[in-house]
Amino acid sequence: QQHEAPRRVKRAWVIPPISVSENHKRIPHLLVQIKSDKQQPGGVIYSIKGPGVDEEPLGIFSIDKFSGKVFLNAMLDREENDRFRLKAFALDLGGVTLEDPTDLEIIVVDQNDNRPLFRQDVFTGRVVEGAEPGTCVMTVDATDADDPDTDNAVVRYSILEQGAGGMFSINATTGEICTARPGLDRETMGVYNLTVQAADMSGDGLTTTAMAVIYLEDINDNPPEFTKEEFSVEVEEQAVGVDVGKVFVHDKDLAGSPNWLAKFTILEGDPEGAFTIRTDPHTNDGVLSVAKVGAGQPGGSGWGVPWLGLTLGPSLQPLDHEVRDRFELTVSVQNERPLEPTAPASPRALATMRVQVRDVNEAPVFRENPRRISVLEGTPPGTPITTYTASDPDTRQLQTLTYTLLYDPADWLRLDPHTGTIRTKRELLHPSAFLQGGWYIALVLARDDAEPPLSATGTLSIEILEVNDHAPVLQPPAALLCGRPGRGGTLLLGATDDDWSPTVLPSISSSAPSTRSSPATGASPASTVKGRSRVGVLLHRGCWGTPAQPRSLSAVTHAVLAVLAELPEGLYSLPLLLRDSGTPPREQQQLLNVSVCHCGREGTCEDGDAYDINQLRHPELFSPRVKPPLRRDAPLSSATPLAPRKLPSGPSDIEDFINEGLEAADSDPSVPPYDTALIYDYEGSGSVASPLSSIISSLTDEDQDYDYLTEWGPRFRRLADLYG
C-alpha cells in the first residue's frame, strides 16, 4: 500500500498573524504583502475574502491584486471586533488556482479608550448611628470595556469627598465602604453624601465618579425632655371627659418613630384619679383630660325604673370647686421604647402642671336617690308621708331650690314646692294598676334659680302596705253532693280573700248545725238537723283525709266536706265561719248550700230533673248573703240583685225574674263564663202561659198563616215567597 506524501506548503505562502492598533488614524495603512512562489509569465492575481472585505463590516480591508499588498481602510474598534479571520487566494491570469487558500488573521490591539462606568449614578446604604469602626455599609462597583487582560481594564476605587470627619473609607479593589471612625450621630448628621471615583490603569488611567448616599438609622439615644418646668391650665368644675391642656416635650430622635414617641405619667397630686394624660401621636405632646371617675367607672352602679322605660344612669363624681379648687400635678415623661444604655439621663424628665378649677353653677343633688318609704293603704288624703329634698352643691352661691312632681301617674300625691313635703291627695288603694309588686313610683324635680337654672330628678318609691280589711269568702257557696258515705260523699271547700298579702291565709270552721229544707212542704219552715251527726268538715293540707268530726280550721286554705251518714235527697244548709290570719283577723259566717242527690253505683249523682224547683221556692237558702265578687270576664259591669230574691207574683214577672238570675250568674266567678249556655229556671206545671211546645203543636204548614211575612220588609221577602 502506497501512502501519499504530505504536501509541503511553501514558507512564503504561510502568513503569520498581523497586529494592528485600534483607532489607527493613518489610512490606508499597509498591513502586509503576500506573495506566491509560483510565478507565471504575465504575473499572479491576488485576492482576499472574509469579514471586513466582502462580509460585514464591508470595506475595512483591501488588497492590490498584482502586488499582494493588504491595506487597512478604516479605523478599528477592539470593543466591536477584536480580530478578523480572512482567506487569501493566488490565481494565474486565466483564473486557475496556483496556491491553496491560506489564512490571514488580523488582530486588533487594545488601546485605553474606555473609561470605567459605575453600574448606577447613586448608591444608597444605611447604618445605625453609633456603629463601631469597620462596620461595612455598602459596595460600589464599576466596569471597563477595555481588554480585561490589560491594565486598560484594571479599576481602582477611592473617595474623593465625604465632608468633615472622614467617617468612612473604601476598599480600593472591591469598592466596599465601611465606617472608619466612631461617633456617628444621626441627630448631628443624619445623611452622608460621598463622592466616589473609579480609575482604570490600576488607578492611573481614565476615571469616572458616582454618589454614595449613606443614611444613619436612629436609635433611642435621646430621652424626651419637657420644654419648661411648669405648666398652668384651667378647667370648669363638673367637666367630665374634656381636655384641659397640654404639656410640651422635645425629643431629638427620629420623629414618628418609637424612639421619639413619648409616654406620660401623673406621679403626684391626683390621688383620686380625677385626671388622665395621653400622648398626641402627631405632636408628641401630653394632653391632660378630666377622667370619668366615681360610679361612672367600672364597678360603679346606677338605678333605673325599667317598667317606666326610664333608666337613671350611674352618677359621676366630677370636679367640684367647693371641694377642691386647684391641683398641682407632677408629670413624668419617657419613651415608649427603652433608652440605649449609652444614652445620657434627661435633665427635664419631670414637670409640674397646675390646674385651676373654676366655679360654675351646679345642678341640685338628691343625696338619697331613690328614696324608699312605706305607706298604709287607705291613708287619708292630706296625710304627710315624707319630705324629699335636694341639696345645692354651690355652697358659695346664694340660691333657692323649688320642687315639682315630674311623674305621678295616679295623681295620688301633692308636693309643697318650697319644703319638698309630700302629702296624699287621695287614698292609696290596693290593688291598683299603677302598682308594680306593691310599689308606686313617682319622680320629683328639684330646680335652682340660677341663670340658666339647673335641675335634678329624684325617684320616690312608695311601698303600699296592705291592711287586712276584707273577710274571706267561701268558694263555692253551693254544691251538689252524693248522700252516701264513702261513695263520692265529699266536697273540697275553699276561700278567697281580696287582701293582697300572701301571708294572710283564710281558715274555715263549722259554726252551727245544718238545716234542711222540707221537700214536701216547699216554703214551709226548715227542720233542724244536727250537722255533727250527718256532715263533717275535714282539714285539707294538700291531700285528702278520712271523714272526721268538724273542728276549727287554723291557717289553712281548704277544707273537705264529707258525708258521715247516709242522707236523704234534698237541700241542706251548713253554716260555716271563715276567718283569715291577718292582724287583726277578719271573719264572717256564711251558709254552704248543699243539694244531696241520689247516688249511683260510681258514687255520682244520677240524672234527674234539669233544675231543683226548691231553689225557686226557697231562694234564700241558695243566694249568698253578701254581694258576690264581680266577675273579671264579664263584658260590662252590672248590678247584682240582693239576696234573697223575691219570687215573681205573676206569670208576667217571670221574664224579669229570669233576667235577674242571668245577671247574678254572669257576676258569679264560681260558675262558667257569661257566654256559656245555662239553665235558669224550671217551667213548672199549671202555668197560665202557653207551654213552649205549642210553637210546634201544628204538624202541617196549611194550619199556619204566613201572609204577615210580606209586611215585615225586604229582609223577609224570600221567606214570604216560600210560605206566604
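Keep in mind that glycine also has a Cβ here, set from the backbone N, Cα and C atoms.
Unlike curated entries, TrEMBL annotations are predicted automatically.
Among the features that TrEMBL reports, domain 'Cadherin' is placed at 12-118 (among others).
Within the model, the domain 'Cadherin' (119-226) shows a mean pLDDT value of 94, rounded to a whole number. Residues or ranges marked as domain 'Cadherin' in TrEMBL: 119-226 (among others).
Marked as domain 'Cadherin' by TrEMBL: 236-366 (among others). For the domain 'Cadherin' (236-366), residue counts in helix, strand and coil come to 6 helix, 51 strand, 74 coil, using DSSP.
If you look up TrEMBL, you'll see 367-474 (among others) marked as domain 'Cadherin'. Summarised by DSSP class, the composition of the domain 'Cadherin' (367-474) is 0 helix, 47 strand, 61 coil.
According to TrEMBL, the feature region 'Disordered' maps to 504-529 (among others).
Residues or ranges marked as compositional bias 'Low complexity' by TrEMBL: 506-528.
Annotated region 'Disordered' per TrEMBL: 624-650 (among others), in sequence order.
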Based on DSSP, tally up the residues of the domain 'Cadherin' (119-226) by helix, strand and coil.
6 helix, 48 strand, 54 coil
